[in-house]
Amino acid sequence: MSTPKFTAEQRAAIEARTGSSLLAANAGSGKTAVMVERIAAAIREDGVPVNAILALTFTEKAAGELAERLRRRLTDLGEAEHARAVDAAWIGTIHGFCARLLRSQPLAAGLDPRFEVMEETAAERLANAAYDTALESWGRTHGADAIDLAASYGPNLRDLIRGTYSTLRARGQARPRVQIPRQGPAPDPSALAAAGEAAVRDLRPAKDGVRIAAARTALDECARLTAAAMGVGEAARGATVAAGGTTVAGGDAAMGGGDPHPGNYLFLEDGRVGFLD
C-alpha cells in the first residue's frame, strides 16, 4: 500500500475536523489528492457513512475522476467494502446533485419522475432556437426600424442578449426580464446644457482622483437627462459632453435605463456594451 506524500499545509487540511475549511491552490498542486484523502479519513477514522459524503465538482469528468480515485484509495487502505460503496456517495456536479435530489422526491417537487437533465449541447441548441424565434417575432411586431436596429449590432447581438440573460439567471431571476424605461418628454435643453457644463468644470481640474466624486455626480445627472431625451427626436442626438477633448458620451449612443441599482447605466454604442458602476 503506497502512502501519498503531503506538505504540512495539505496534511493540516486533511486532519482538520472543526469548522469550515477553504482549500485554494493552483492547478496541478494536489487539491484532488487532498480531497480524496480527507474523504477517506472521514470514512475510516470518523465513521462517516459513504452515502453521507457530498462532493461537488464543475464537470462530470472531474466527478468521475474523484470517485475513481476515492475508490482506489479506499481499496489501497484495505477498505474493500467501503470502496464498493463509493457509488452511493453524492459525488458529481451541482446539476447532478440537484437532479438526484429531485428524483428521490419527484412528487413533492411537482415533477415527472421521468424528467431528465438536458445535455449542454441540447440546451445550447434550444437557446439559439429561442433567440431566433424571439428576434423574428420582434421584427414582425416592430417593423423595419427594429430590423435595422438589430442589424446595426451585427453578429454580436446574440451574445449580448444571451450574456445578459445568463447574468440575470445567475442573479436569481427564474424568468429574466429587462425593464424598458418609459419615454417621457424631452428635458429642458438649458438643464441639459447646464449639466454638461458642470461636468466639464469639474473634470478639468481633476488630478489623481481629486474631485472625481463631484465630477461623477455631475456626469450622472447629465446621463440621466440625456437618457430621458433619447428617442424623443433628432434634437436629442449628437449631444456630447467633452472634458479636455475626451468624449464622455454622445453620437448615436443609446442609453438603457431601468437598472434596479441606482447610479448604474448601460451604454450601447456601436454594438458594444459597458457598465458604469
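Any Cβ shown, glycine's included, is placed from N, Cα and C.
Annotated ATP binding site per TrEMBL: A25, N26, A27, G28, S29, G30, K31, T32, in sequence order. In sequence order, K31 are the residues near A25 (ATP binding site), counting only same-chain partners six or more apart with C-beta under 8 A.
The feature domain 'UvrD-like helicase ATP-binding' is assigned by TrEMBL to 4-277.
Take the binding-site residues G28, G30: by the count of other Cβ atoms within 10 Å of each Cβ, the lowest one is G28. S29 (ATP binding site) is surrounded by 13 other CB atoms, counting those within 10 A of its CB over all protein chains shown.
Long-range C-beta contacts of T32 (ATP binding site), restricted to its own chain and to partners at least six residues apart, with a cutoff below 8 Å, comprise A62, E65, L66, R69. In the shown protein chains, 7 other C-beta atoms lie within 10 A of the C-beta of N26 (ATP binding site). Counting other CB atoms no more than 10 Å from each candidate's CB, the binding-site residues A27, K31 peak at K31.
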